Each structure stands twice: as C-alpha cells, then as structure tokens.
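Pulled from Swiss-Prot, these are the features on record:
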type	residues	note
ACT_SITE	S26	active site, schiff-base intermediate with substrate
ACT_SITE	Y59	active site, proton donor
BINDING	T58, G74, A75, A76	substrate binding site
MOD_RES	S26	pyruvic acid (Ser)
Amino acid sequence: MAYRKMLKSKIHRACVTQADLDYEGSITISPELLKVANILPYEAVNVWNITAGTRFETYAITGEKGSTDICVNGAAAHLVTPGDLVIIASFTQILEEDCAAHEPTVVFVDQFNRLKEIRPERIGVKSRIPNPA
C-alpha cells in the first residue's frame, strides 16, 4: 500500500499577534480555530509567512478559549513580526487510491483572526497576468 502526504487543512491569512522568543516553541492558536481546522494540540504544522516569505515547521498548542491570538513561540519567533499574515497548514497520510477524492479544508479568518468561512480547497490558481493572446 502506498501513501501520499496530502494537505489536510489550513488556516488562511491569519495575523500574527505575538512572537515570544522565551517560550519553548510552538504556535499558539485558539481552541475554536484548532477545532474547525481539525488540528490537534501538539500536531505538527507548517507556517508560511505571506508577509516575509519565511517558512517553518512547528507544532500547535491550544490558546485561551475565545482568544484571537496567533502567537509564534521559541526560535521561530525570529521568523515573524506581529502583524505578519501567515498560512498555518496541517498534513495527513492518505492511501494513494483515496487521494483523488480527498478535499482539504480551508479556514478563512478576518484581519482579527475571527472565523470568516470554512470550505474545501478549490483546485486552480487564478492568474493575475493577462493572457497575451
């Protein structure tokens, strides 16, 4: 049986509210966002900084209920600045024959990290460059 690593879910365009160098590592996310993104505490996540272009892997920890904080902790705090927009992505292993039917979940948040929309990932990129034809 062959497995493929596939995107499970992502929190799209979250705003970093804090960077704490003195904490042991991780990214702090509200329990509400973790739940809708199907990310468990201590689960590995990739963080892609839209603002700075940096990428790193860490693990999620649960923040305070009702909080809108996104706090990058430990050494990774060097890679973000409060106000940066990030994508927080989780992955799963799926049997190859099940990959075609797989639909990752995208959690959209507003500028204050409040839930805006949840939907399956849509395949396809809209080009911003006009077709020269």
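Just so it is clear, glycine is given a Cβ too, placed from its N, Cα and C backbone atoms.
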Max pairwise CA distance, angstrom, over record-listed substrate binders T58, G74, A75, A76: 10
Spatial neighbours, same chain, of Y59 (active site, proton donor) - Cβ under 8 Å, 6+ residues apart: G25, S26, I27, Y42, E43, A44, V45
Listed binding-site residues (A75, A76), ranked by Cβ neighbours within 10 Å, top entry: A76
Three-state secondary structure, the residue listed as 'active site, schiff-base intermediate with substrate' (per DSSP): coil
